[in-house]
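Since the structure comes first, as structure tokens, the remarks are kept for the end.
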Amino acid sequence: MDHFLYRDGALYAEDVPIAEIAAAVGTPFYVYSTATLLRHFKVLDDALAGMDHLVCYAMKAASNQAILKTLAQAGAGMDVVSGGEYLRAKAAGVPGDKIVFSGVGKTADEIRMALTGGIRQFNVESEPEMEVLNRVAGEVGVIAPITIRVNPDVDAKTHAKIATGKSENKFGIPIARARDVYAMAAAMEHLEVIGIDVHIGSQLTDLAPYELAYQKVAELTETLRADGHTIRRLDLGGGLGIPYARSNEAPPLPSDYGKLVERTVGHLGCEIEIEPGRLIAGNAGCMVSEVIYVKSGEGRDFLILDGAMNDLIRPAMYEAHHDIVPVIEPAPGIEQVPYDIVGPVCESGDTFAKQRMMPPLNAGDLVAFRSAGAYGAVMSSEYNTRPLIPEVLVKGDQYAVIRQRPTFEEMINRDSIPEWL
Ligand code: LLP
């Protein structure tokens, strides 16, 4: 459920007409709904209510300070994967003891930053990382709390580019080597082993791979405890899928996921962490764009938008489907026509949808890309010297620009010319 609905013939974000924001801010832009962000956070939080738990929002999905602050005020922790994300979380007021540091390539500088500023735990992904962490913790004079990310070799049945739990993926340590690696960690002076971490992929639309992975984690917990390790926290990762095509998709319910967690690892008495990104932010955001031209091609019509692959790369990168809806509600029963929906960037890959059925549209009409709140703005670039597009946050009948569109001058002045030129 989200808060982007038609009302009186026009698309609203909560109580604000999207066309009103477009008139004030210009297109293209991202718009997020506070009520949707909070609703999704609460649905997950409630799904784990029977267990001691913390929902750590995977802020890579959408990391604007205003979004982080909204979730932090609701009680969310954060999952970060870089020094930059760590500083963003801190700047949004998240205390260190609610920040989890994930990622396969944490540098010594990033580790030092988190150890100095405070951290809930590091999710360690390799032996060499463990050695660096132990050394830096010794230098800083603290004990680093860690879980070790295990790779359970489970097929998440999602897009290959976002599956992470198979043995050929770069993530985690093979579960078969876990006992050795835990023994190595326990012997390190400046580390404290507190638990296990697992994350098998993103946009999972089937709960079966979770069941398999979490059963393996439960078995490993018993084994490691028998080896003498304290396993008191399980980080179960993120990845729950969302509906992208509202017409025909029904991904798992968070409540069923909660029951699965309880069933597979609930008996272990561990504190549970999850790291959802997409489920919280995905359907809480839209990208709004204007039709620049309707162009008749050979046997097909193109809708050329002012938004492009640099603003929303998911269709080009993962062949991802986003529902694209007109901001003016189509009259009931209006005959739909097929369009290839494209951006202005000079690549054929700059195609959002092929032969998508839409009501007839004209230059100047606005469209909204649904489900663009996660991995939208954060993955955008300035390719073709197109400015990063603004982000707007709505709350009830109020809205605010939470990231400005840069001016061309600002963009150009970020470059510097060597003295020999
Ligand atoms: N935890 C870890 C360790 C992760 O690597 C990820 C996502 C998450 C949590 C959050 O997963 P989520 O709940 O959002 O599925 N750019 C791609 C998705 C990449 C996901 C990367 N890792 C996309 O647009 O589909």
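Using the three backbone atoms N, Cα and C, a Cβ is placed for every residue, glycine included.
Automatic prediction, not curation, is the source of TrEMBL annotations.
Feature annotations, reproduced from TrEMBL:
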type	residues	note
DOMAIN	29-373	domain 'Orn/DAP/Arg decarboxylase 2 C-terminal'
DOMAIN	36-281	domain 'Orn/DAP/Arg decarboxylase 2 N-terminal'
MOD_RES	LYS60	N6-(pyridoxal phosphate)lysine
BINDING	GLY239, GLU275, PRO276, GLY277, ARG278, TYR375	pyridoxal 5'-phosphate binding site
BINDING	ARG278, ARG314, TYR318, GLU347, TYR375	substrate binding site
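Here the recorded positions are LYS60, ARG278, ARG314; the one with the fewest Cβ atoms within 10 Å of its Cβ is ARG314. Least crowded of the binding-site residues (TYR318, TYR375), judged by neighbouring Cβ atoms within 10 Å of its own Cβ: TYR318.
Closest in space to TYR375 (pyridoxal 5'-phosphate binding site), of the recorded positions given as LYS60, TYR318, GLU347, is LYS60, taking the CA atom of each residue.
Cβ neighbour counts within 10 Å, taken over all protein chains shown, single out GLU275 as the most crowded of the binding-site residues GLU275, GLU347. Note on the domain 'Orn/DAP/Arg decarboxylase 2 C-terminal' (29-373): mean pLDDT across this stretch is 96. The closest partner of PRO276 (pyridoxal 5'-phosphate binding site) among the recorded positions, by CA position, is LYS60; the full candidate set was LYS60, ARG314, TYR318, GLU347. Taking only the Cα positions, the spacing between TYR318 (substrate binding site) and LYS60 (N6-(pyridoxal phosphate)lysine) is 17 angstrom.
Listed in sequence order, the binding-site residues near the residue listed as 'N6-(pyridoxal phosphate)lysine' (C-alpha within 10 Å of its C-alpha) are GLY277, ARG278, out of GLY239, GLY277, ARG278. For the binding-site residues listed here (GLY239, PRO276, GLY277), the lowest count of other CB atoms within 10 A around the CB belongs to GLY277. Of the chain residues outside the pyridoxal 5'-phosphate site list GLY239, GLU275, PRO276, GLY277, ARG278, TYR375, ALA58, LYS60, ALA61, SER202, GLY238, LEU240, LEU279, ILE280, ALA281, ALA374 have their Cβ within 8 Å of the site's Cβ mean position. The closest partner of ARG314 (substrate binding site) among the binding-site residues, by CA position, is ARG278; the full candidate set was GLY239, GLU275, GLY277, ARG278. Largest Cα-Cα distance over the residues recorded as binding pyridoxal 5'-phosphate, namely GLY239, GLU275, PRO276, GLY277, ARG278, TYR375, equals 15 Å.
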